[in-house]
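These notes are about the structure you will find just below.
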């Protein structure tokens, strides 16, 4: 880089450009409990040292810029700058490194995921010295966690509201996702709920289109919920998507859902944005509504292993911003998800404390303090034959959503729902009796078919359906 040149004798300021690593690469730095820590996967351009790239990431995501500026002398850079404090090569990869960066807590606004992401990933990903950059993980210190309220209610409060214990929850996304009238949509909801599901769901792109305006959908769905509750004696819900083109309209839809007595609403948190999501989570907490979160657009951000943001970071951001449910992948269905990695961020969603575990992609131990847990939602290409694996992988504190796996039943929606409910309860009972679902799951399902014709029909339809493709994003 160009040498420094002094512009005025006696000022102590030297104009020019200097290497980032002279200021922002500090391998002797001892991280503080209050630091926000980030793990970046870097791919430097040929000829650019890893130390310079790591320092550039730290600089450009905190106090630095491309040239020396005289206003650096007006602040305490050592107090406010980000620091690249460690580098490690990625095993099995040429010219890839994990850069560990520590950020002082004072760089971030309290209770603002928007500001957190604007600072850490807002600009640095376009830096020319890097061929690719991916944010693999964040350590959120307890001091910063305590500035957020997180989930409106959390897992235990949700179970208390629904009076459902000892098993996973069952859901279904109504299909076709677009094109149904509000009345036919409500009918599909009713059939699924009376058949044994706990929830039905708007798809992520169901908002307020010409074929079905939001208010009409809300009214027919409310009718379906009250009718199915009266028939079954169970509390039912439907994830009414309150996502809208502006925050005022979003809150209006949430208010109507509340006035109709609905227990839960839904939000697309990535497409709508963190500010909108935190606003809605605050409303839901105050008004007693559960909040289901869909991750539409996540794969644009997280699927490529060398560039973007890993979903575990997006999941942590959601736990801060607020949501009672979050889609997490299934491991066994049609959507991307490696088992160890998925289990890693599922624990980060649910547990109060998670230890560092690189085998599961967890770069830092994470203490969530008192932030409520978020229930993972397994959805996408799953059916009754997947139930043993889902129960074994996710346990009880999860919502298992079978869209096509309910609505595609040859006898209709209600029998499809019944088949899933029987399969879930059979697998839960078998697990509680000490049986190994990974090894005996097929036998458990086949035995349950003998006293559930609905399940037997579902098993016959989907006996050959598998989604066996290599995972793109691996450790």
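Numbering starts at 1 and runs along the chain as it is shown here.
Note: Cβ is positioned from N, Cα and C throughout, glycine not excepted.
The feature N-acetylproline is assigned by Swiss-Prot to 3, with sequence analysis given as support.
Around residue 173 (substrate binding site), a 10 Å sphere centred on its CB holds 24 further CB atoms from the protein chains shown. Summarising the annotation, Swiss-Prot assigns substrate binding site to 123, 173, 177, 295, 327, 379 and lists sequence analysis as the type of evidence.
Around the Cβ of residue 175 (active site, proton acceptor), the same chain contributes 203, 403, 404, 407, each under 8 angstroms and 6 or more positions distant in sequence. The active site, proton acceptor annotation in Swiss-Prot covers 175 (among others), and the record cites sequence analysis as its basis.
Residue density at residue 201 (N6-carboxylysine): 29 other Cβ atoms are found within 10 A of its Cβ, drawing on all protein chains shown. The feature N6-carboxylysine is assigned by Swiss-Prot to 201.
Residue 203 (Mg(2+) binding site) falls within neither a helix nor a strand when secondary structure is assigned with DSSP, and so counts as coil. The Mg(2+) binding site feature in Swiss-Prot is assigned to 201, 203, 204.
For residue 294 (active site, proton acceptor), the Cβ neighbour count at a 10 Å cut-off comes to 28, with all displayed protein chains included. A strand conformation is recorded for residue 294 (active site, proton acceptor) in the three-state DSSP classification. The active site, proton acceptor annotation in Swiss-Prot covers 294 (among others).
The feature site 'Transition state stabilizer' is assigned by Swiss-Prot to 334, with sequence analysis given as support.
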Residue among recorded positions 123, 173, 294, 327 with Cα closest to the Cα of residue 204 (Mg(2+) binding site): 294
C-alpha spacing of residue 327 (substrate binding site) relative to residue 294 (active site, proton acceptor), in angstrom: 6
Shell list (Mg(2+); ref centroid = CB of 201, 203, 204; cutoff 8 A): 173, 174, 177, 202, 205, 206, 239, 241, 266, 294
Distance, residue 201 (N6-carboxylysine) to residue 295 (substrate binding site) (CA atoms, angstrom): 14
For residue 177 (substrate binding site), nearby residues of its own chain (Cβ under 8 Å, 6 or more apart in sequence): 203, 205, 206
Residue 327 (substrate binding site) in three-state DSSP notation: strand
